[in-house]
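Novice: Below, the features straight out of Swiss-Prot:
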- ARG30, GLN31, ALA32, GLY33, ARG34, ASP79, TYR154, SER209, HIS336: substrate binding site (BINDING)
- ASP79: site 'Transition state stabilizer' (SITE)
Amino acid sequence: MSTRRDLPQSPYLAAVTGRKPSRVPVWFMRQAGRSLPEYRALRERYSMLAACFEPDVACEITLQPIRRYDVDAAILFSDIVVPLRAAGVDLDIVADVGPVIADPVRTAADVAAMKPLDPQAIQPVLVAASLLVAELGDVPLIGFAGAPFTLASYLVEGGPSRHHAHVKAMMLAEPASWHALMAKLTDLTIAFLVGQIDAGVDAIQVFDSWAGALSPIDYRQYVLPHSARVFAALGEHGVPMTHFGVGTAELLGAMSEAVTAGERPGRGAVVGVDWRTPLTDAAARVVPGTALQGNLDPAVVLAGWPAVERAARAVVDDGRRAVDAGAAGHIFNLGHGVLPESDPAVLADLVSLVHSL
């Protein structure tokens, strides 16, 4: 049973559920990570996967940016491939490479051999979420998972990929195997996120990091039904839900259809927008009543304060126009994760600026 808190004053929860926030809410994807010296010091003692599966460490890393910045939400420290590891997939996260899968999944037999999520294997992640709920006070906690397509991409390609050739070939040449794989990954994603919801997270975000590699036709045929099933299942639990991908301008409408498949009135459905698409354009593409999140270019943070201030003001103004055009709300974020070279002091000033506008 969920232990979610009642946080009526949260600007983040107000914006994602279509209510007027007291200020423009802001948080950053990868706000906990390599841009923080305290994170780098901790990671000298723990590998990425070890940190994800050690509750005290995951809790500490999640809290580090909350102590530094006046952000309006925390996001649980974990990794997209954690549920794959919890389903018995032999993988590692290699520095400067990313997730590497020992035995890629490329045949019907490979798909049939896949195991479901082991509930006991994700207990450390859920313990971390429970610890954070107790620590965060009035700051909401966002849980997250990778979307089925992005998990499939890692599994089929064997790691990060520029062209996603193997995954597209499987999708087009072996559609039965593809949909069987996606069905298993959808079940896994639902189980992982429901566990986080039951542990007390206040919202969830589903990252489809590689969806931008697909055409709108292929996305609708091979991905949308599975992503929609994730959100439909989560919608029964009454938490706000965000769907985010990179390079997805032409997919925003379909992605909003997925996230609103599980939306209940007043619960909140959000689509994340990267820096390539103006928020006002995104508002015209998504299902009416969907909130938007984004979308400062992460590289702008490296460009010096005058450039940061100009760009941030432009994003806030664009967000207000998007709301006027029908978006349910706007949450300020970067259009992707914080870059490792980012100066924490600049991010702190950016939060203060956004809150002042």
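Cβ coordinates are placed from backbone N, Cα and C, and glycine is handled just like the others.
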Novice: Between the Cα atoms of ALA32 (substrate binding site) and ASP79 (site 'Transition state stabilizer'), what distance do you get, rounded to the nearest Å?
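Specialist: Roughly 12 Å, rounded to the nearest whole number.
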Novice: When you look at ARG30, GLN31, ALA32, GLY33, ARG34, ASP79, TYR154, SER209, HIS336, which the record names as binding substrate, what is the longest CA to CA distance in angstrom?
Specialist: 23
Novice: Only counting partners 6 or more residues apart, tell me which same-chain residues put their Cβ under 8 Å from the Cβ of ARG30 (substrate binding site).
Specialist: GLY337, VAL338
Novice: Taking the Cα atoms as reference points, how far is ASP79 (site 'Transition state stabilizer') from HIS336 (substrate binding site) in Å?
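Specialist: Given the Cα positions, ASP79 (site 'Transition state stabilizer') is 15 Å from HIS336 (substrate binding site).
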Novice: Pick the one among the binding-site residues ARG34, HIS336 whose Cβ has the fewest other Cβ atoms within 10 Å in this structure.
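Specialist: Among the binding-site residues ARG34, HIS336, the lowest count of other Cβ atoms within 10 Å belongs to ARG34.
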Novice: Tell me, how many other CB atoms lie within 10 A of the CB of ALA32 (substrate binding site), whichever protein chain they belong to?
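Specialist: There are 24 such Cβ atoms around ALA32 (substrate binding site).
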